[in-house]
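Take a look at the structure set out below.
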């Protein structure tokens, strides 16, 4: 799953909430464009900027209430502006990975790798 999205990120940007989320994805070898939302502008203004620049985005906000709220708002605004929003990775992580934030992904990924090595 991660390998697939690393490749996808080479041509499609990922939207995250903050700089620490960006750093976490870099630790997981996501080297494509990652756009940080938390820049002091409204969701509608941010969505406008995104829709003027991209036809498709991947949303990877946190998995807590605030992150879910932002995901839903981005999805509503961006799809209404004609942008295809990929939520598959967000939904997959939410369902299968016991974390609440994007920042926790690298540590969880390391734990999974260690489990497989020990088997």
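Backbone N, Cα and C atoms are what each Cβ position is placed from, and that goes for glycine too.
Copied from Swiss-Prot, the annotated features are:
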{"type": "BINDING", "residues": "17, 62", "note": "Mg(2+) 1 binding site"}
{"type": "BINDING", "residues": "62, 64", "note": "Mg(2+) 2 binding site"}
{"type": "DOMAIN", "residues": "11-93", "note": "domain 'Toprim'"}
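A coil conformation is recorded for residue 62 (Mg(2+) 1 binding site) in the three-state DSSP classification, outside any helix or strand. According to DSSP, residue 17 (Mg(2+) 1 binding site) sits in a coil region rather than a helix or strand. Residue 62 (Mg(2+) 1 binding site) has a Cβ environment of 23 other Cβ atoms inside 10 Å. When pLDDT is averaged over the domain 'Toprim' (11-93), the result is 97. Taking H, G and I as helix, E and B as strand and the rest as coil, DSSP gives the domain 'Toprim' (11-93) the counts 42 helix, 13 strand, 28 coil.
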